[in-house]
Amino acid sequence: MKNLTYKLKSIFFPLLLFCFSFIGVYSAFNWLFIIRLKLLPIKEDAANFFLPTILAGVLLYFFINPRLEILILQTENGKSRRFFYFLVMLITVLAPTTIAQDWISASGRQINLHSIEEINSQPEGKYYTLKNYYIDKSKAIFYPTAAVGGKYNENIGFNAYYVIPIYPTIADTNKECSAWLGKQYSHRISNSGSEQNKVDSFSAFITASQEKFAAEDVQKFTYLSRIGNTNDADEYKKALESERKNTKLTILVASHEPLQARYGEKPFWFCITLSGGILLVFLTLLFAGVKKKLANVIYDKSYPGYATVRKKRYSEFEWYTFFIPSKTFFVTPILVDLNILIFIAMIFSGSDIISIRIDDLIKWGANDAMSIHNGEWWRLITGMFLHGGFIHLTNNICALVFVGVILEPFLGRATYTSLYLITGIIASITSLWLNAGVSIGASGAIMGFYGVSLALIVTRFISPDSRRLLLILIAIFVPTSLLMGFLGRADNAGHIGGLVSGLVLGLTYVRYMKIKNGSAQPDVRNSNNQRDHSINI
């Protein structure tokens, strides 16, 4: 009973406080600053799921995860269940939070309009009912799009967007409309087929969508809703702007269900996930043992051993070194932080967290053939710090950190930074030369590092331990990157350009160091100590 009290006091009740506080504070933040005031142009998907996921994970890791130190989480075979306990706590907080955001997004002011012309004289609402209206299909604007998507760019999404003017009556069709009705049709195919097959599929989709639209009765609906900050909203606006410049962008979508049904089962699932998560946390804590020596120490500052235990609690956080520059690992954390901060800035400016549009990437400095031709050579560098989505960013950061841990201490800051920039620029130029399109990402420079690693391996210029690690990394990342390129899911021209230039520059570096040091060159072939052969220039 005493152990249960420890666990409830140290973990369960603090988690409950954190859970309810996080749901309340984040929901209020989302509703006020993102939905109501629109101060942060964050996409709905990012605001409803990805942003609370990141915030909840980080805050739990700092404030709740250290409290698990009082539990006995080792299994009989020596494995730790700590990650499982942390995951249960994260799901307990995150599941009801995301449902709450969908619930909030579905809420909003309902306004009953006698005529669509009244929409601009009324306070902005979320839902509208119309008494008198006429939707003129003959003046619809058609805007088809095709975009590569999926975790590994494995599919192509076809979309056909229609924006249709809404008038008070049929007699007003010669006037300027006050709002537009949006209609969308979608289809998805695999990205692994031939280019001709993709073109034929897109043409067939356009024909099918036009036939569906022709048969659609757009005059029938229950209510209209103002579209939120989504990718579809951006495409509707682009469709409208393609033919109507300086037009009011009030775009509504039709719903055929009763207005009262807009919440669906969100309240029910909010209660189920919240109560179910709390119960699951309680049960996991119930069956976990307690380290009795730590139970009284870990939160008692008056205890003589408090400082030692507190230091032990934070000894796990060695991942800080991936983000905080140090004497021996300085450049890589800066590169990682720059890539992450730029990506976050793009998300807060309204870009989609999963797949950022090409137009947004070009605005932020993507490596664009037309812009380069117009003299914007700086894009060869800025494009290296842009990424097309969260998965793209994560993959590149992992590949950079793993190779950077080995190469940066060995090469030194100046050489390491120079190789990153030079191979990245060469990769960008190669991409323009062979593809003449838009390219982004740090993968060209990272492949350059793997080319340098290959040079250090074949010349045996680095210790055997480091050679083995680099070989493993090369075997994992290089074939995967090249395979994605051959499948049409990545810029292989940039990958190959970075890899080859890295290999050439790596061999040049080895030759230069041998000439520079002469007989003083350290013998690394029989050395297992990285410090014995680290050369910083």
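Placement of Cβ uses the backbone N, Cα and C atoms for every residue, glycine included.
Where the annotation comes from TrEMBL, it is an automatic prediction and has not been curated.
Feature annotation from TrEMBL assigns domain 'Peptidase S54 rhomboid' to 375-511. Helix first, then strand, then coil: DSSP counts for the domain 'Peptidase S54 rhomboid' (375-511) stand at 110 helix, 2 strand, 25 coil.
Listed by sequence, the residues of this chain that lie at least six past the ends of the transmembrane segment (12-34) yet keep a Cβ under 8 A from its Cβ atoms are 40, 42, 47-48, 52, 55-56, 59-60, 63-64, 67, 89, 92-93, 96-97, 100-101, 104, 229, 274, 277-278, 281-282, 285. Annotation source TrEMBL lists transmembrane segment at 12-34 (among others).
Feature annotation from TrEMBL assigns transmembrane segment to 46-64 (among others). For the transmembrane segment (46-64), the list of distant contacts is 11, 14-15, 18, 22, 26, 30, 34, 40, 86, 89-90, 93-94, 97-98, 101-102, 105, 347, 352-353, 390: same-chain residues at least six beyond its ends, Cβ to Cβ under 8 Å.
The transmembrane segment annotation in TrEMBL covers 84-104 (among others). The list of residues near the transmembrane segment (84-104) in space but at least 6 beyond its ends in sequence, with Cβ under 8 angstroms from a Cβ of it, reads 15, 18-19, 22-23, 26-27, 30-31, 35, 47-49, 52-53, 56-57, 60-61, 64-65, 68, 71, 73, 263, 266-267, 269-270, 273-274, 277-278, 280-281, 284, 288.
Long-range Cβ contacts of the transmembrane segment (267-288) within its own chain (Cβ-Cβ under 8 Å, at least 6 residues beyond either end) map to 4, 7-8, 11-12, 15-16, 19, 23, 71-73, 84-85, 88-89, 91-93, 95-96, 99-100, 103. Here TrEMBL flags 267-288 (among others) as transmembrane segment.
Look at TrEMBL and you will find 319-348 (among others) tagged as transmembrane segment.
Here the transmembrane segment (384-407) has long-range neighbours at 50, 151-152, 322, 329, 331-332, 335-336, 338-340, 342-343, 346, 352-356, 361, 364-366, 416, 421, 424-425, 428, 440-446, 449-450, 452-453, 466, 469-470, 473, 477, 481, meaning same-chain residues at least 6 beyond its ends whose C-beta is under 8 angstroms from one of its own. Summarising the annotation, TrEMBL assigns transmembrane segment to 384-407 (among others).
What TrEMBL records for 414-434 (among others) is transmembrane segment. Sequence-distant contacts of the transmembrane segment (414-434) (same chain, six or more residues past either end, CB-CB distance under 8 Å): 331-332, 335, 367, 369, 372, 379-381, 383-384, 404, 407-408, 442-445, 447-449, 451-452, 491, 493-498, 501-502, 505-506, 509, 537.
What TrEMBL lists as transmembrane segment is 440-462 (among others).
Annotation source TrEMBL lists transmembrane segment at 469-487 (among others).
Residues or ranges marked as transmembrane segment in TrEMBL: 493-512 (among others).
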Non-local residues, at least 6 beyond the ends, that sit with Cβ under 8 Å of the transmembrane segment (493-512): 411, 415, 419, 422-424, 426-431, 433-435, 439, 441, 443-456, 459, 461, 478, 481-482, 485
Averaged pLDDT score, the domain 'Peptidase S54 rhomboid' (375-511): 90
